[in-house]
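Student: Before I ask anything, let me first share the structure, which is written out below as structure tokens.
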Amino acid sequence: MEITNVSEYEAIAKEKLPKMVYDYYASGAEDQWTLKENRNAFSRILFRPRILVDVSKIDMTTTVLGFKIPMPIMIAPTAMQKMAHPDGEYATARAASAAGTIMILSSWATSSVEEVASTGPGIRFFQLYVCKDRNVVAQLVKRAERAGFKAIALTVDTPRLGRRESDIKNRFTLPPSLTLKNFEGLNLGKMDKTDDSGLASYVAGQVDRTLSWKDVKWLQTITSLPILVKGILTAEDARLAVESGAAGIIVSNHGARQLDYVPATIMALEEVVKAAQGRVPVFLDGGVRRGTDVFKALALGASGIFIGRPVVFSLAAEGEAGVRKVLQMLRDEFELTMALSGCRSLKEITRNHVVADWDQPRVVPRL
């Protein structure tokens with residue numbers, strides 16, 4: 001079957017992967033309301049296209065933390081990619097590099113920062129969970145720096161793991177042939193089979209529940225890398241992130257895997273953008289499956305978007321070629337959306353190009 005859009009990869013991944021692995025990637029927390037809402041909310045935003053604009057040349061380039069990339073579409077951190085495909089994070093890194101875009105490597109990757117760096121050049125950020133042992137955190141950050149990673153994406157929405165019921169039913173654990181490579185040799189125990197989710201038990205033992213804003217400041221004392229704070233959904237926390245010295249914000253609900261019944265990220269986005277007041281860039285992850293979604297996020301103030309599940313599903317289906325294709329399809333769809341909306345560059349994408357069902361009745365701007 002010819003793949004014509006990003007969403008089609010999910011069904012192929014479901015067929016190919018063991019149930020435990022597919023469910024781990026696909027599921028959300030509890031009732032999975034937010035999981036559905038991350039997608040559905042995009043359909044409540046409609047376009048107000050401007051016509052008779054010369055769109056013979058479209059420029060999608062942008063700059064993220066000083067790095068020029070050809071499109072505002074980047075790869076979010078997703079854990080344990082070798083469960084999806086034997087090449088795992090290596091394949092994802094090569095695909096990101098081929099597309100010229102940014103990849104964030106998960107702390108819980110099945111390939112280490114050094115291994116990912118060995119795939120060749122590329123702009124890579126490192127996603128960080130803060131462990132109870134701060135020496136381990138400092139070591140990880142230093143290793144990422146040495147391996148040429150350009151920023152730290154600090155995940156702030158996981159003092160405890162959300163309740164993912166399929167992981168409990170499946171007694172989820174990392175397949176025996178794989179390890180969390182960044183933690184090898186750090187004496188952090190391993191993920192055991194439990195009568196619950198093995199990952200939830202592992203997180204309970206390792207991740208620091210005392211994490212607070214002062215730790216964002218502490219992180220800046222151990223690294224000169226810029227810090228993106230990932231997992232913000234409110235104006236209050238956006239302001240605190242800026243005050244704490246964050247270089248950017250990723251509006252994220254952890255792929256709807258943490259607290260259920262939080263809003264879709266696309267619905268939380270504007271509140272966060274307004275609170276940031278242009279002092280730091282704001283990015284979005286969660287629910288992006290179409291180039292139209294990318295445009296909607298930028299129209300609501302995002303500087304760029306990150307994709308997670310589309311990467312692991314396409315990786316499972318076709319390895320590196322699948323991830324390359326996902327990035328290319330999103331790029332092509334986004335370029336077409338820009339052209340049909342009358343936008344020739346990212347700065348021409350404005351709030352007036354969309355109408356959301358939560359907007360007040362709009363006053364049409366007079367020309």
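Using the three backbone atoms N, Cα and C, a Cβ is placed for every residue, glycine included.
Unlike curated entries, TrEMBL annotations are predicted automatically.
These numbers come from a predicted model, not from an experiment.
Copying in the features that TrEMBL gives for the protein in this structure:
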- His254: active site, proton acceptor (ACT_SITE)
- Tyr24, Tyr129, Arg164, His254, Arg257: glyoxylate binding site (BINDING)
- 77-79, Ser106, Gln127, Thr155, Lys230, Ser252, 285-289, 308-309: FMN binding site (BINDING)
- 1-359: domain 'FMN hydroxy acid dehydrogenase' (DOMAIN)
Student: Check the Cα-Cα distances from Asp285 (FMN binding site) to the recorded positions Tyr24, Tyr129, Arg164, His254, Arg257 and tell me which is shortest.
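Tutor: Of the recorded positions Tyr24, Tyr129, Arg164, His254, Arg257, His254 has its Cα closest to that of Asp285 (FMN binding site).
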Student: Between any two of Tyr24, Tyr129, Arg164, His254, Arg257, the residues recorded as binding glyoxylate, what is the biggest Cα to Cα distance in Å?
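Tutor: This binding site's residues have a maximal Cα-Cα distance of 19 Å.
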Student: Where the distance is taken from Cα to Cα, which of the binding-site residues Pro77, Ala79, Gln127, Lys230, Gly287 turns out closest to Arg164 (glyoxylate binding site)?
Tutor: Ala79
Student: Roughly how many Å lie between the Cα atoms of Tyr24 (glyoxylate binding site) and Arg309 (FMN binding site), rounded to a whole value?
Tutor: 11
Student: Under 8 Å between C-beta atoms and at least six apart in sequence, can you list the same-chain neighbours of Gln127 (FMN binding site), or say none if there are none?
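Tutor: Looking at Cβ-Cβ distances below 8 Å from Gln127 (FMN binding site), excluding near sequence neighbours, one finds Pro77, Ile104, Leu105, Ser106, Ser107, Ile152, Ala153, Leu154, Thr155, Lys230.
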